[in-house]
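Features as listed in TrEMBL:
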type: DOMAIN; residues: 21-288; note: domain 'NADP-dependent oxidoreductase'
type: ACT_SITE; residues: Tyr54; note: active site, proton donor
type: SITE; residues: Lys83; note: site 'Lowers pKa of active site Tyr'
type: BINDING; residues: His114; note: substrate binding site
Amino acid sequence: MIPEICTKTYTLNTGAKIPAIGLGTWKSTDEECYNAVKTALENGYTHIDTARIYGNEESVGKAINDYLKESGISRDKLFITTKLWCSECKEPEKALRESLNRLNLEYIDLYLTHWPVAIPKADVLMPINDEGKRLVIPYDEWNYIDTYKGMQKLVELGLTKAIGVSNYNIPKLKKILNDKEIKIKPVCNQVEMHPSLPQIELIEFCKENNILIQCYSPLGSTGAPILENEILQNISKKNNISPACLAISWAVARGTVVLPKSVSSKRIIDNIKIVQLDENTVKELESIGIENPQRVGNPPWDVKINLFEDSEVY
Ligand code: NDP
């Protein structure tokens with residue numbers, strides 16, 4: 001199989017198009033991030049994922065603006081996402097205007113609420129308690145539904161083309177979908193997803209409700225541990241493609257957006273090239289996580305936040 005540059009797009013529930021593969025930018029220094037975004041845009045990517053908490057919006061924005069200037073390509077050909085950090089949940093307009101300033105952009109294509117928790121505003125973006133847990137505002141005082149409601153006006157203001165959520169499970173999505181004050185449905189739910197965490201029920205629920213899934217940590221996050229899996233390695237050898245190409249192709253074959261992160265030029269260029277997988281291969285890879293689901297990202301919130309089920313508090 002010969003991997004080819006992926007040009008697939010999906011249509012969001014707003015009617016806008018989103019490219020199936022986007023560059024992830026978490027955990028990169030300013031310089032790495034600038035070079036990664038610039039390399040990506042020069043090599044076929046039109047979709048970049050960043051977030052307030054990554055601390056790299058300035059580098060992302062500089063790379064985008066330099067690329068637009070040098071290439072003559074218009075802004076509307078790109079799809080840019082950033083995320084509302086949990087400590088800014090009560091002031092989404094202020095937070096997004098600040099993100100736009102850092103990005104040096106007039107609007108973004110998608111604004112996500114980063115986690116379904118609210119954390120207190122403090123001098124630091126992530127206040128922690130004596131046990132090292134991330135402090136959380138009590139649910140009754142402010143919660144993810146209040147946050148999402150407040151984000152709706154950002155679309156009307158033209159600051160973002162769409163809004164969505166991240167790290168939501170089915171019960172939380174149901175609460176958003178059933179709330180009468182919520183008029184703008186999330187366009188997507190960005191969650192951890194890879195062959196060790198295939199989340200089949202969540203995919204089904206989101207498909208039924210026209211909410212697109214975006215897969216984060218598609219290679220298993222730092223160090224790409226998913227690529228060591230024996231089943232994945234055997235299938236990639238059989239098809240003469242890299243394990244990373246297989247994991248990314250699998251996500252696209254399942255109809256999801258996928259956001260591989262890399263700061264290596266070679267990997268960035270490779271990660272947008274995919275192959276078409278048949279249904280049996282998709283299922284074989286899903287079996288890895290059905291038998292033994294494994295989550296790589298589990299931040300230490302100071303509340304019980306179960307990402308699979310609803311919980312008493314969150
Ligand atoms: P990924 O699963 O994308 O893995 C990144 C790791 O894989 C890095 O160590 C990278 O190293 C390595 N890598 C990349 N390409 C290859 C390759 N072809 N072969 C071998 N190794 C490779 O991890 P992330 O956790 O960063 O997830 C992707 C993106 O999703 C994030 O960057 C962020 O944008 C988003 N995200 C969103 C979250 C949310 O809460 N909404 C949470 C986590 C992530 P190197 O850079 O050296 O190439």
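Glycine residues also receive a Cβ, built from the backbone N, Cα and C atoms like all the rest.
TrEMBL does not curate its annotations; it predicts them automatically.
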To the nearest whole angstrom, state the Cα distance for the pair His114 (substrate binding site) and the residue listed as 'active site, proton donor'. 11
Mapped DSSP class for His114 (substrate binding site), helix or strand or coil: coil
If one looks at the chain holding Lys83 (site 'Lowers pKa of active site Tyr'), which residues at least 6 apart in sequence have a CB under 8 angstroms from its CB? Thr50, Ala51, Arg52, Ile53, Tyr111, Leu112, Thr113, His114, Ser166
Under 8 Å Cβ to Cβ from Tyr54 (active site, proton donor), same chain, six or more residues apart: give me those in sequence order, or none if nothing qualifies. Thr25, Trp26, Lys27
Averaged over the domain 'NADP-dependent oxidoreductase' (21-288), the pLDDT of the predicted model comes to 97
For a quick check of packing: other C-beta atoms within 10 Å of the C-beta of the residue listed as 'substrate binding site', how many? 22
